[in-house]
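Report on the structure given below.
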Amino acid sequence: MSENRTLMLNGMWNNNPALVQLLGLCPLLAVSSTVTNALGLGIATLLVLVGSNVTVSLVRDYVPKEVRIPVFVMIIASLVTCVQLLMNAYAYGLYLSLGIFIPLIVTNCIIIGRAEAFASKNDVLPAALDGFWMGLGMTSVLVVLGSLREIIGNGTLFDGADLLLGEWAKVLRIEVFHFDSAFLLALLPPGAFIGVGFLIAAKSVIDKQIAARQPKQQKQAIERARVTNV
């Protein structure tokens with residue numbers, strides 16, 4: 001199995017940062033009330049993950065081990081600031097909607113964890129691929145959870161997509177159900193907790209089904225030779 005395929009499987013499924021490592025739950029639960037918010041924060045996190053992994057991999061031989069964590073945090077904070085300024089300039093409505101959760105990417109355990117566990121020990125290309133697949137895995141969970149919460153809570157999908165993609169994206173809005181009033185449980189953090197629980201349970205069921213279909217390796221019985229004195 002190639003290294004890229006291994007990194008892809010780890011980031012998207014086997015070691016998914018949200019469903020397996022359970023990292024970054026604060027923004028996952030707070031921001032995923034709509035697909036637009038989830039996708040916006042997911043893209044921002046992905047960009048910071050790739051940028052921080054690449055930068056950490058480039059400077060890993062020049063940073064003393066005693067101060068590596070503060071240096072990594074400074075790198076991540078610089079990248080988050082760049083992403084925040086870009087979002088403020090080109091997606092101001094989404095910037096206001098996400099609020100404090102954009103700068104809080106600095107404290108996201110996924111980013112500092114990948115910088116310390118992988119990027120600081122590998123070359124630039126594997127580090128970039130690791131950041132991309134981990135970020136994409138996080139983004140996919142955000143989008144799936146955001147879709148479920150938006151459909152159940154508001155009966156819509158891609159509501160407010162113009163905040164991220166521009167005026168043309170208003171045509172993407174889909175009204176799945178018509179509600180006289182929103183279902184608040186799905187839109188509030190308790191609904192997000194329930195949704196994450198269902199996603200983790202679904203992944204566990206799928207993993208068990210995959211494991212059951214794989215041929216079991218039978219261990220060869222080892223017989224102990226009995227030695228007797230003749």
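Backbone N, Cα and C atoms are what each Cβ position is placed from, and that goes for glycine too.
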Swiss-Prot topology check: Glu66, Lys121 same side of membrane: yes
The transmembrane segment (124-144) versus listed stretches 18-38, 39-59, 69-89, 93-113: most Cβ pairs under 8 Å: 39-59
Tertiary contacts of the transmembrane segment (69-89), as residues 6+ beyond its ends and Cβ separation under 8 Å: 40, 44, 47-48, 51-52, 55-56, 59, 63, 95, 98, 102-103, 105-106, 111-112, 115-116, 120
